[in-house]
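TrEMBL annotations:
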DOMAIN    1-180  domain 'CAAX prenyl protease 1 N-terminal'
TRANSMEM  20-44  transmembrane segment
TRANSMEM  65-86  transmembrane segment
TRANSMEM  126-144  transmembrane segment
TRANSMEM  150-171  transmembrane segment
DOMAIN    183-418  domain 'Peptidase M48'
REGION    248-268  region 'Disordered'
BINDING   His282, His286, Glu362  Zn(2+) binding site
ACT_SITE  Glu283  active site
TRANSMEM  304-326  transmembrane segment
TRANSMEM  332-357  transmembrane segment
ACT_SITE  Asp366  active site, proton donor
Amino acid sequence: MDSETFEKSRLYQLDKSTFSFWSGLYSEIEGTMILLCGGIPFLWKLSGQISGHAGFGQEYEIVQSLVFLLLATLFSAMTGLPWSLYNTFVIEEKHGFNQQVLQRALVLTQWLQTLGFFFKDAIKKFVVTQCILLPVTSLLLYIIKIGGDYFFIYAWLFTLVVSLVLVTIYADYIAPLFDKFIPLPEGELKQQIETMAKSIDFPLTKVYVVEGSKRSSHSNAYFYGFFKNKRIVLFDTLLEDYSALNKEPAEGEDGENEETKSKTKNKKQGCKNEEVLAVLGHELGHWKLGHTVKNIIISQMNSFLCFFLFAVLIGRKELFTAFGFYDTQPTLIGLMIIFQFIFSPYNEVLSFCLTVLSRRFEFQADAFAKELGKAKDLYSALIKLNKDNLGFPVSDWIFSMWHYSHPPLLERLQALKDAKQE
């Protein structure tokens, strides 16, 4: 890294760390105040009043639960909005990642348009979330109500089916609501991707490019689908030939100046075709080595355990009393108390174990790309992506061990170094 990029990445990480500290502190204070001031039972009573005015009495617990869930998520969205605005329009824009904000020469009309885009996006996300969350929750509560002594088995099976369905439809029906997906045009890159997929028996059916640069210049790539219907998605910011940052500005375009043109000319964002193939070799390594299936199995084993323990604890009246519910024991509140609060220490330990496992999987996927002969290209791609995303290459080993799901850059490069030299 040149000194300028190193300094930029250092300042970006400092800003992100500071933001994370204050937003996390606020979240802890907010959660504590809600508990101390009886916010949860208050919101439950308010939900009962609203559902009662709509003609649904206390016997309609599921309806009251859905009103409670809607109000709770609305409250969470409103209190989180200022933090999201600051992160997007201050931190990300300051460091050049927020593509919703146009060039530095920003007129008021353009600024209002980008702010409008932000709120439109936020509202769309909220509506889509409710359209999924409310029906799924109502069915889950109904299953728990009628499931008898073994309701936890039926509840687990239901959540398993829902998660598999969501994974299947997300990229085809949900993600396109927010970003534009276009098939990767015929050409050398697509041909090389298909050849590599065929060489490892990856059942590739389609390759898409998503216009992620519309809102952010961060890069990404992933695959999805089950059985013989796999698709690959590449962010346009990952591809040097597609990145908006690399495109020449139109003559006379407003807001452009010599400095902007110079940056476009001198800095190339994204990776060359060989490097893109190396990144995909890493991603396909996760599939070939069974990492995706292993993660699903671990997730479902944990889900089953949690539902089993929920079945054991749900009858304990003292749990509800401790949270201000003296006369009623709503199922949704029981789910919230047990899953969010009682399981909190367990979730921290589990999260750390999954982080350790994730880092191991990342090294294995890098080694798989190395076996494909992509070590040299993956080496350079990781450096480019780190620079494009202003990743700071220096990490404290204890901090990274607890927080980072991916190994630090220098550790990954060291693992690739010998093969690269060979």
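Yeah, the Cβs are placed from backbone N, Cα and C, and that goes for glycine too.
Nobody curates TrEMBL annotations by hand; they come from automatic prediction.
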Residues near Glu283 (active site) in space but at least six apart in sequence (CB under 8 A): Ala221, Tyr222, Phe223, Ile232, Ala365
Lowest local Cβ density (other Cβ within 10 Å) among binding-site residues: His282, His286: His286
Among 150-171, 304-326, 332-357, stretch most in contact with the transmembrane segment (65-86) (C-beta, under 8 angstroms): 332-357
Lowest local Cβ density among Glu362, Asp366, which the record lists as recorded positions, within 10 Å: Glu362
Neighbours of His282, His286, Glu362 excl. site residues, C-beta within 8 Å of centre, Zn(2+): Glu283, Gly285, His291, Phe361, Gln364, Ala365, Asp366, Phe368, Ala369
